Amino acid sequence: MVYLQKQDKEVFDAIKLELGRQRANIELIASENFVSEQVMEAMGSVLTNKYAEGYPGKRYYGGCEFVDIVEDLARDRAKKLFGAEYANVQPHSGAQANMAVYHAVLEPGDTVLGMNLSHGGHLTHGSPVNFSGVLYNFVEYGVREDTKEIDYDIVREAALKHKPKMIVAGASAYPRKIDFAKFREIADEVGAYLMVDMAHIAGLVAAGLHQNPVPYADFTTTTTHKTLRGPRGGMILAKAEWEQKLNKSIFPGIQGGPLMHVIAAKAVAFGEALQPEFTTYCEQIIRNSKKLAETLQAHDVTVLTGGSDNHLLLIDLKPLSLTGKAVEKVLDEVGITVNKNTIPFETESPFVTSGIRVGVAAVTTRGFDEVAIEKVGVLISEVLHNIENEEVLADVKARVATLTNEYPLYPSL
């Protein structure tokens, strides 16, 4: 960043501080990851200069012959990665991918069945503060109070009762596998479209470690970061028959020009995900997640559902008389980054919460194995059981620094 350092030291300094934070902290936010240097290079390329409204071979601007190559690579790699007939890599985010699907097949006021946000769903699955809840009549399904897992009989009952035009499966804070085949059966029974939002688990799906929703869903949406370890962005996968409608829904429906530098980075990330090393990485994610859950529970920390099948876990803080807001702050002070999170049947406000969400995708990228992640679990539990003990917190902070120093991040930057 030689030019930036010379021209705009304020921005340069802020970026360097953020790099220092990422290096020094144990990153456990489930929606975050560390992209490769080559993904960052693509993001910072001259492709950021190019307007390319439309699609490869059908642009509204001249001079698109080379960005066409990049977008075709991204689409082809995405289709290969997930076994899809159609891919649209232009959505700027997962939220816009979801919006485009809704825009393509729903009318304002249509009924949609989606997962309750506090039970693990997402804002774009019908939250009243989100466009989805404003434009469409969302009705909810959730998890059982005893198991904290999805009960497909209850989902079916809700579908039969409300007769939705679409069912949305997928979650932002659900630690167990989702059975997309069962969702397909329910959707077929009521004549509904099925959209799966696999944003959090896309990398695990690509690695064959979670059921692939593409064969079951009419529409599959995802972000391209999180476990897929690409740039921040979105994508839609579907059968070829939906190409024209979905393409129009993205452009000119809800977006203008695509971000060609981001699409290039998506292509690079998809190429990485097609390599055997990526499967090895995702297998380590699962091992780390299970080890973290096991370690926390061994130290009297309540993990919802008793464990995890993916990259994340939810910790219930009520037995410790703590709030997510307080724990997030104290953990951050000792160098462990998490986010406060609502838990099913929440009694606190979304700004306070009774839980935290913890994910291992980023630290696994960094090289953490089961031995390292067990240390992380011990550190978290020590904080939770000694949240006002300054001596313990200082000791944890020092051990966090020792651990992160053992796993250097971006040494060439």
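Each residue, glycine too, has its Cβ placed from N, Cα and C.
Pulled from Swiss-Prot, these are the features on record:
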- Leu117, Gly121, His122, Leu123, Ser349, Pro350, Phe351: (6S)-5,6,7,8-tetrahydrofolate binding site (BINDING)
- His225: site 'Plays an important role in substrate specificity' (SITE)
- Lys226: N6-(pyridoxal phosphate)lysine (MOD_RES)
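Here the features listed in Swiss-Prot are painted onto the structure.
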residue: Leu117; record: (6S)-5,6,7,8-tetrahydrofolate binding site; Cβ contacts under 8 Å, 6 or more apart: Leu123, His125, Gly126, Ser127, Thr342
residue: Gly121; record: (6S)-5,6,7,8-tetrahydrofolate binding site; Cβ contacts under 8 Å, 6 or more apart: Gly114, Met115, Ser127, Glu140, Ala171, Ser172
residue: His122; record: (6S)-5,6,7,8-tetrahydrofolate binding site; Cβ contacts under 8 Å, 6 or more apart: Met115, Gly170, Ala171, Ser172, Asp197, Ala199
residue: His225; record: site 'Plays an important role in substrate specificity'; Cβ contacts under 8 Å, 6 or more apart: Ser31, Glu32, Asn33, Val35, Pro231, Arg232, Gly233
residue: Lys226; record: N6-(pyridoxal phosphate)lysine; Cβ contacts under 8 Å, 6 or more apart: Ala30, Ser31, Glu32, Asn33, Ala199, His200, Ala202, Gly203, His311, Ala361
residue: Ser349; record: (6S)-5,6,7,8-tetrahydrofolate binding site; Cβ contacts under 8 Å, 6 or more apart: none
residue: Pro350; record: (6S)-5,6,7,8-tetrahydrofolate binding site; Cβ contacts under 8 Å, 6 or more apart: Ser118, Thr342
residue: Phe351; record: (6S)-5,6,7,8-tetrahydrofolate binding site; Cβ contacts under 8 Å, 6 or more apart: Lys325
Work out the three-state DSSP category of Pro350 ((6S)-5,6,7,8-tetrahydrofolate binding site). coil
According to DSSP, collapsed to three classes, what secondary structure does His122 ((6S)-5,6,7,8-tetrahydrofolate binding site) have? coil
Cβ atoms near Leu123 ((6S)-5,6,7,8-tetrahydrofolate binding site) (within 10 Å, other residues, all chains): 16
Most distant Cα pair in Å, residues Leu117, Gly121, His122, Leu123, Ser349, Pro350, Phe351 binding (6S)-5,6,7,8-tetrahydrofolate: 17
